[in-house]
Amino acid sequence: MAEHKLKTSIAILGCGEVGSTLAYTLVLNPICGEIIMVDPKKALLEAQVRDLSDATYGGRSGTKVRAGTHKDAGQADVVVITAGAKQKPGESRLSLLSRNLHIMSSIFKNMQPISPTTILLLVANPVDILTYFARKLSGLPESQVLGTGTTLDSARLRGILAEKAEVAPNSIDAYVLGEHGDSQFIAWSNASIGTTPLHLALPVCLTPEFKAEIATHTRGAAGAIIAAKGCTAYGIGNVAASICKYILFDAHTVRPLSFYQPELGCCLSMPAVIGRRGIIRKMPVQLNEEEQTELEACARGLRAVLEGAEKELSADKELEKVLEEMRR
Ligand SMILES: NC(=O)c1ccc[n+]([C@@H]2O[C@H](COP(=O)([O-])OP(=O)(O)OC[C@H]3O[C@@H](n4cnc5c(N)ncnc54)[C@H](O)[C@@H]3O)[C@@H](O)[C@H]2O)c1
């Protein structure tokens, strides 16, 4: 394991709140030999690298932190994309799209040629839409491009249910699926505590009002934290670090991740097995009629956004062409 650790690298694009928290989590729980930080804000980048390096000198971490370029990042084993604008208080994830789509398109231009074995992990929002475009812009196989999706929302769900049921959160099997955003839904029909279905383990609590209250909480948790402190970082930092570990250690762990769903024509979260090759396989889920309807509505909404974004990207390409011709 130690030898494996020393050989692998994780590049983090964007060293703001989320990128630096992820890097710190990886320094405290070392899983790779090198963390490459990339950010166009040079002073911030240097300061983060120095501060993070200070945390490695205690002797516990075999991980080195250094600044790099987008091109260096393209050779890493895992590239985590946290680069981008963040939500302003009250702003929806989808309204971030235009700004972050432009950042993504420049990132992929600068990263080429990307190593054919790199796994891309999207964190920047709106994560499902950006994961969809990262597949197209990176040129990597579909299985190697994934987004954190509803992993964080599902962790929040496990936290609430664990408290109600008075059991440890890792004894709860319950997933938020679909969009990491407003149209997400909870797959209640599949939820269990140990092997006990949730409706048997928590019969008193599982009323329609209780379910609606929990769904509102998981959907709105980020917004409430952002309103008070301007960002969310610890939860997502921990989730992204765990996904990096599942990839580098070829763990074959099942998590709800955002990846391309051919039958729905978009990227959204469904349970999948993750390992060194990225998405190893999708796990089949049996949804009830209501959940299936929610899934389809969620995909319809995401497809509508994708269509608008495709138009914006092609208008950009047209503009680029005209500017190029004017420069000649
Ligand atoms: N998926 C999730 O569950 C989840 C949770 C929290 C935050 N997020 C998202 O993560 C993103 C980052 O949030 P944050 O709070 O760290 O924002 P931040 O503003 O603190 O940091 C973003 C950093 O990206 C950098 N950046 C911009 N263009 C870049 C480029 N081309 N290459 C490299 N770096 C670039 C900026 O300079 C900045 O330092 C946001 O989109 C936010 O919505 C996602």
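Using the three backbone atoms N, Cα and C, a Cβ is placed for every residue, glycine included.
The average pLDDT computed over the domain 'Lactate/malate dehydrogenase N-terminal' (10-147) stands at 93. Per TrEMBL, domain 'Lactate/malate dehydrogenase N-terminal' is recorded for 10-147.
Note on Asp39 (NAD(+) binding site): other Cβ atoms within 10 Å of its Cβ, all shown chains, come to 21. As annotated by TrEMBL, NAD(+) binding site applies to Gly14, Cys15, Gly16, Glu17, Val18, Gly19, Asp39, Asn100, Val123, Ala124, Asn125.
Taken from TrEMBL, the feature domain 'Lactate/malate dehydrogenase C-terminal' covers 150-311.
Marked as active site, proton acceptor by TrEMBL: His180.
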Which same-chain residues, if any, lie at least 6 apart from Val18 (NAD(+) binding site) yet have Cβ under 8 Å of it
Thr82, Lys86, Val123, Cys231, Thr232, Ala233, Ile236, Gly237, Ala240
All chains considered, the count of other Cβ atoms within 10 Å of the Cβ of Gly16 (NAD(+) binding site) is 18
Give the maximum pairwise CA distance in Å, whole number, for the residues Gly14, Cys15, Gly16, Glu17, Val18, Gly19, Asp39, Asn100, Val123, Ala124, Asn125 listed as binding NAD(+).
17
Neighbour count (Cβ, 10 Å) for Val123 (NAD(+) binding site)
28
For Gly14 (NAD(+) binding site), write down the residues of its own chain that are at least 6 apart in sequence and whose Cβ falls under 8 Å from its Cβ; none is a fine answer.
Val38, Asp39, Ile81, Thr82, Ala83, Gly84, Ala124
